[in-house]
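Below: one structure, written as structure tokens.
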Ligand code: SR1
Ligand code: MG
């Protein structure tokens with residue numbers, strides 16, 4: 001079975017048996033394809049007699065969301081496995097355990113996390129996750145610091161940058177986040193009632209300047225190894241546990257892109273509350289919880305990142321007074337700008353979010369979409385003037401009060 005082909009459910013059982021020793025030799029295995037993402041096959045393989053289980057994830061040679069007309073490198077399976085292994089080293093317990101990688105078959109066999117829920121779905125169902133800000137700030141601070149020039153050997157980092165080049169998946173991001181939403185591109189997809197809003201977006205040269213600056217950072221600023229697609233669909237969660245999955249977009253890029261992805265997806269959920277909250281009191285409480293999560297994630301991230309720098313910083317000249325403050329101020333600004341860009345793409349670009357798309361009433365959905373666009377565009381436009389996370393919060397708060 002070593003030549004690449006998309007696996008069937010029964011072949012997933014064969015690879016799970018032959019490439020790992022997770023299962024007891026006695027006892028039948030059951031396999032189900034459960035992938036609901038944009039790109040891959042995901043098989044859940046279990047042994048009912050023992051309760052043991054695992055996941056076989058296989059990259060397809062094209063983007064499933066579009067079809068075979070959009071070819072896509074299988075090398076992303078290697079990138080994903082290697083990123084998971086590095087993330088586990090720096091943020092232990094916050095990613096699934098990798099049991100086996102097969103680059104020829106483009107597959108990763110890993111821990112089954114089906115006792116968790118996908119965070120996007122958990123939020124839609126009204127879940128509260130009291131440990132999330134602590135866990136995600138740990139993940140971000142530790143993976144970003146220890147793969148940056150502040151926290152790892154700078155020559156080894158250059159070699160790692162090479163093995164995480166990931167040009168095809170970066171191109172998806174460059175197009176779908178930093179280009180297509182700002183022109184009348186074929187890949188864009190939005191409700192007819194947003195036509196005027198899209199026209200405004202395409203004509204806004206002040207906005208385009210900021211997008212060009214953010215795009216340049218994404219293209220050139222190899223600051224740290226990013227997850228690269230850290231939305232709430234890439235997070236498995238329970239109130240007690242957080243697991244970050246799916247780093248196939250990993251590459252060395254600007255740190256604020258990962259932090260912004262998390263904040264953007266909380267704010268997209270915030271923008272959808274008129275539908276998902278049962279009444280005005282619940283909506284206000286939910287919005288406060290989401291805003292408080294955004295604040296805590298940044299505040300905890302910043303203090304953890306500074307502590308890692310003080311304790312484990314490897315660069316003598318980076319200890320110069322004032323440099324850490326300068327670095328964190330730029331990182332906050334990048335985070336705010338990327339948060340905005342990640343919101344806008346989910347409203348007018350190719351790939352949307354269920355928090356908003358699943359709102360059935362067009363008028364309520366339109367309000368959530370416009371609120372997301374308003375918050376997103378303001379964050380993009382104001383990112384370079386920002387000095388505090390409270391400025392991002394004010395933008396979200398005041399937009400939702402109108
Ligand atoms: C063609 S892939 C569309 C989107 O799905 C992934 O999760 C990334 O966010 C990508 O932009
Ligand atoms: Mg994904």
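Glycine residues also receive a Cβ, built from the backbone N, Cα and C atoms like all the rest.
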Task: Determine which of 57, 131 appears in TrEMBL for the same ATP site as 40, 111, 112, 113, 246, 247, 248.
output: 57
- request: With ATP as the bound species and 40, 57, 111, 112, 113, 246, 247, 248 as its recorded binding residues, calculate the greatest Cα-Cα distance and give it in Å as a whole number.
  value: 18
Field: Rounded inter-Cα distance in Å - residue 57 (ATP binding site), residue 229 (substrate binding site)
entry: 17
Statement: Integer Å value for the Cα distance linking residue 248 (ATP binding site) with residue 229 (substrate binding site) is 8
Message: Counting other Cβ atoms within 10 Å of each residue's Cβ, which of the binding-site residues 112, 246 comes out lowest?
response: 112
Message: List the binding-site residues among 40, 111, 112, 113, 246, 247 whose C-alpha is within 10 Å of the C-alpha of residue 229 (substrate binding site), in sequence order, or say none.
response: 246, 247
- request: Taking ligand 1 as the reference, state which of the binding-site residues 40, 111, 112, 229, 246 have a Cβ closer than 6 Å to one of its atoms.
  value: 229
Field: Fewest Cβ neighbours within 10 Å, where candidates are the binding-site residues 111, 229, 248
entry: 111
